[in-house]
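Here's what TrEMBL has on this protein:
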type: TRANSMEM; residues: A:12-35; note: transmembrane segment
type: DOMAIN; residues: A:22-442; note: domain 'DUF112'
type: TRANSMEM; residues: A:47-73; note: transmembrane segment
type: TRANSMEM; residues: A:112-138; note: transmembrane segment
type: TRANSMEM; residues: A:144-163; note: transmembrane segment
type: TRANSMEM; residues: A:170-186; note: transmembrane segment
type: TRANSMEM; residues: A:206-227; note: transmembrane segment
type: TRANSMEM; residues: A:322-346; note: transmembrane segment
type: TRANSMEM; residues: A:358-381; note: transmembrane segment
type: TRANSMEM; residues: A:393-419; note: transmembrane segment
type: TRANSMEM; residues: A:425-447; note: transmembrane segment
type: TRANSMEM; residues: A:468-489; note: transmembrane segment
Amino acid sequence: MLEQFSHFFSTLFALATSPTNLLVVFGASFVGIIFGSMPGLTATLGIALLTSLTYGFGPDVALLALLGLYVGAIYGGSYPAILINIPGTPAAAATALDGYPLTQKGQAGRALGLTTTASFIGTLIGLLFLVTLSPFIASMALQFTSWEFFLLALFGIVISGTLTSPGTVLKGWIAGLIGLFLATIGRDSLQYFPRYTAGFSELDAGLEIVPVLIGAFGIPQVIRVLSERRSLAEAPKLGRILPELSAITRNIKHIFRSSTIGVGVGSVPGIGEDIAGWVSYSTAKNASTPEQQKEFGKGSEAAIVSSETANNACIGGALIPLLTLGIPGSPPAAMLLGALLLHGITPGPSIEVDHPNFLLEVTAIMVLASFAMWANGMLLAKQVVKLLTIPAPLFIPVVGILCILGGYALGLSIFNLYILIPVGIAAYFLGEMDFPIAPMVIGLVLGGMADESLRRALMLSEGSFLPMFERPVAVILLVIIGCFIVNQIPAVRTRTTSFWAGLFSRLARKSPVV
Amino acid sequence: MEQQSNAPSTVLTAGSAADAQQDFKVALVLLAVAVALLVHTLGFPMSGSYGGVDNQWFVSPALFPLLVCGLLVICSGMLLYKATRKQGFRGFGELRGWLGDWRNERIKDRWYVIGLLLVYVYVYIPSTDFYLASVVFLLSLTSRFYYPMVNGLSRSSTLHLVLALCLIAVKLNVNVSEDTHWLSINYDEDAIRYSDLSMLMALMCLLTLSVCFPQNKDRKRAVIQVLVVLLVPLLLVCTFNFLLYVPMPVEYGTVSDFLNYLVYDVLAFQ
């Protein structure tokens, strides 16, 4: 334990005393804030584009840049949400509800200062969970057999399909299945049989994950933002940004509760920062007194602190399944997985064996990234606000070129572009028809693992499915998957909803919130 | 939005008639594709021998794809059933229902951006200098959305159609003896020069149209547009080519050749 502490602090010290590292992390964090704050650009897209730029660097520098950008971008979404009532990223949607009314009251600087500090604390608490829970989960995952890995992949797709498509769950599942299908393209790993390659040798190794992800997240944004011709309101001038200590202590209970919610939501495969923000917002509202509840939607401090803390704490949560099981907890984490694989790092239960102390190093980088985010937020907020005046029709076409150049640069293959564009157009139309993209990405990332694990498990059991029911974790996963599916039957759904509603109202009556 | 995130998630949730029509179409397409894939997958080796190895059904490369395609058929079928119950089949034969209403500006813009992306990636990038291709792509988008020109859509679309046909013709004619197809990258220097020349002419036309026939005259916007369109691709090409050592798709493009000469021969950059 002591050795791990000393390794963590020595890594942090080494990172913080290297001017190059500081420049990279502060620069990446600032770029991340810009990505988050420009409506139309997202954290996932930022990581995707930076992946191509950091391809030639060592894994340490690449990780510094990618994680710095990730933290900055999730936080950056709050700028336009607060200043012009347009969330820069979906994660900041809940922030706009109360952030913009604060701006209208002339308190934009105060709102930004609060969200900056709340995001900073949220990220650090998320990291605390990451560093304490990950070794436990990783050691447990080392006991997993192929059955568990197959079911984990299925679990990720079912859960993310269900939660990201609240209107029609079928669409979420279909998106997940499309992702799984895309993962089967190429020669299969056991017998080297070509599947759906249509004679193209470029497809033998399967679809390159990063260009496909750039296509799935970047191209739809380009088409959508340009065709919707979004115009932005003018951002107001900022006053004092640094928040008073009393404002933080006043909201400390919201900060801690929202951090826990953020970590919990983030650790569920495929659902990300946006869901965390909304869940935390509604929980904060429900937990407030009737007088405080009236303030929600009119510029409540608790509201913006809750949503911003949760969406940044979600980062640590999303990294838990990513680093310990190889299952991304959110779309940006899926992109990060692609970047890690490109740099020869395969996240999963054996990561600590293959790369000793990797978790501690990631945590140290994230701590530095959080500080960089906070400092950038406090010192450069006024500069970021100026960037909001750049019209979308001017920068979105440049983003389109960056997507294409980035997709080509990874592997120097023009074939990547021939895949990227149809994937992007298909993702755009699927998005227009309310099909969520996150399950598709999760399916693409986990498909290979699911395919190999299923066949390996059946090979060991010589075609029998019975061993699956002899493993406790596999049975638990099966039960959860089954529950999620059965719960979509309207009669079952109505009963479970009324059961949970009754239970919560009884609990609320027993312990009223002060 | 809050309501949306908390909305009950059921397989059979009510939706509008337009949603049902859209769901019907997409479910039908998905079902057709899934069935076609399922049939194709049945041709994969199941339990015979492949590559000299005796196969068992449980190690077959078809096992997982069959599972996925089977589930896709079931889910698409359920979505189709759900949409049919809500009269989603109405308007199935109307082209407008599939492509959108062409009188709607948003639909026009959507297809314009998609068309430009397709022609940029499948025709321009493999045929010509990356810088020139990117400048034309950027200018086509900014002259529609940032500093719009009069009759921009029809003028720009016609120009791109002619340009794309020219580039494909150049590529196929110069390299006709080899097994080159229109998607492969141009390696023939003559073909690249002809393509670059065509691209440069198109660029000049587009630039003239954009600057001389704007919908609303705004000198500042015109200058910003020209600067962004010419400088940003240059910055990107230089960053990727000389700092990240990423060669451009067409290596012997006119601008790439000039930049290489400038950077390596004149400036002696190592």
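Glycine too: its Cβ is placed from the backbone N, Cα and C atoms.
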Rounded mean pLDDT for the residues that make up the domain 'DUF112' (A:22-442):
85
Outside the transmembrane segment (A:170-186), six or more residues from its ends: residues with CB under 8 Å to it:
157-158, 160-164, 194-197, 203-207, 212, 423, 430, 433-448, 450-451
I need to check the long-range neighbours of the transmembrane segment (A:206-227): which residues 6 or more away from its ends have a CB within less than 8 Å of a CB in the stretch?
39-42, 44-45, 48-49, 51-52, 182-183, 185-187, 331, 334-335, 337-339, 341-342, 392-393, 396-397, 399-400, 402-403, 406-407, 410-411, 413, 416-417, 419-425, 427-428, 431, 437, 440-441, 444-445, 448
Are there 3 or more C-beta pairs under 8 Å linking the transmembrane segment (A:358-381) with the transmembrane segment (A:12-35), counting only pairs at least 6 apart in sequence?
yes
Quick one: do the transmembrane segment (A:144-163) and the transmembrane segment (A:468-489) have at least 3 Cβ pairs under 8 Å, skipping pairs fewer than 6 apart in sequence?
yes
How about the transmembrane segment (A:425-447) and the transmembrane segment (A:322-346): at least 3 CB pairs under 8 Å, pairs 6 or more apart in sequence, or not?
yes
